Amino acid sequence: MEIINSRYKMTDTVLGKGGFSEVFLGTDMYTDNKVAIKKINITGKNSSDIKFLNKLDFEIRTMQILNHPNIVAYYDVMKTENYWYIVMEYCNFGTLNDVIKFNKNKGISSLDLEKNTHYYLNQLRDALNYIINMGYIHRDIKPMNILLTKSISENNENNENTNYDRSNSLILKLADFGLTKKCSENEEDIMNTICGSPLYMAPELFFNQHYNSQSDIWSFGIIMYQLLFHDHPINATNYSQLKNGLKNQKINFPKNNMFSNYCFDLLSKTLAKDPKNRLNWSELFHHYWFIHWSEQHCPKNKSDDSNNKKIPDKSQFNEILSSTKSPLISLRQFGQLGQSNLSKFKNNGAINCSIDFPKYTNNFPSAVNQSIKIGLSGSSSPINIPVRNNSSKKINYDDIELISNGNIFPETLYGSISPVDSIINKETRNKTNNPSSLNLSEFVLSDYEI
């Protein structure tokens, strides 16, 4: 038992583990609600590893910015000499991996299985639509990073014999933003680091090709396949078999299931090995299976309506403009929030704003200090908010962040230049001399530059 910041009681119950962190069950003593507390070890080499600390800081700032019913909520962060503690929403109903096992063992009809799959993927689609519009790519989408919950009161109850059928109205929550990266609205924005979980990584990452945000669409397709067929589309038990299968094995769809043509169409187009033939995000979000098939077969229930109408407890704009502890936010994200989200929140105390700055669409001036004008509704004159870039040359405005409390935290890339085979060898060197013995279901690659 550990008391953190005189508010959170952290138990010894471990909810999950990572390379340098553990997630414990805790309680917010102010509200008596259960929370999840991620305890991150920053001792030893981590304490002086600027890239590690920048990555951790970026993960926290990303969680502070993202606010959506289908994303695990961020509550608080505390820092001590040896540990950082991130307090998050507690999800007590397992992960999407439990749904896959449930579908496999229940033996339900094809139609009910498709409805169940649709119920969860529709929520994942909403979460991904949100983070893409916010200018992020997740890069580690997998069932273990997709949590399930209900209301706070139900979350504080025992969840024995959980029914993962859609009738139980579980809410999906996308989690773990440790590998998340800012990306451009342009889907051709090229990534130059290898990361993710091999079983869910797109083929282009295995063969030293640059990739873009469509790699997450492949991960979406793998999850859809697993929900429907209870297995991975590539028959592999180790890394070498997986890579060979991605190169040479045709993805087959079992024919003994009577799923709709729209379901198969979406599945096959998300699992196109060539990213040029894969769906783009707009095509995924507006696919017939989500828009029209659901109207015929999946009428909305009460949880769907309440989930869609949920409004964040506070305006991110009010937090950014008024609080000295507000998170940094990139200029692009600030603009996207203003354009796409504020109209939904204006009855919740949010400000209505517009951004006025010169048309530096491709480049922002190289001067160290700049400011942008934010026009506030109900105000006769705009206010100026300082921005700063950390480059002596002209840079894309994605790299410019609003200044909060005088602090600048530039996002950095990190890792070693190495093809994926060498990375696998490096990561497994201390465990085994044979990378083929790698446990694919538990292994995660961090950022490695290509």
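Along the chain as shown, residues are numbered 1 onward.
Cβ from N, Cα, C; glycine included.
Matching K9, K34, K38 to the ATP binding residues that Swiss-Prot gives (L15, G16, K17, G18, G19, F20, S21, E22, V23) identifies K38.
The two recorded residues, G19 (ATP binding site) and D140 (active site, proton acceptor), show a Cα separation of 15 Å. Taken together, the residues of the domain 'Protein kinase' (9-290) have an average pLDDT of 87. Among the binding-site residues L15, V23, the residue whose Cβ has the fewest other Cβ atoms within 10 Å is L15. Of the residues the record lists as binding ATP, namely L15, G16, K17, G18, G19, F20, S21, E22, V23, K38, the two whose Cα atoms sit farthest apart are 14 Å from each other.
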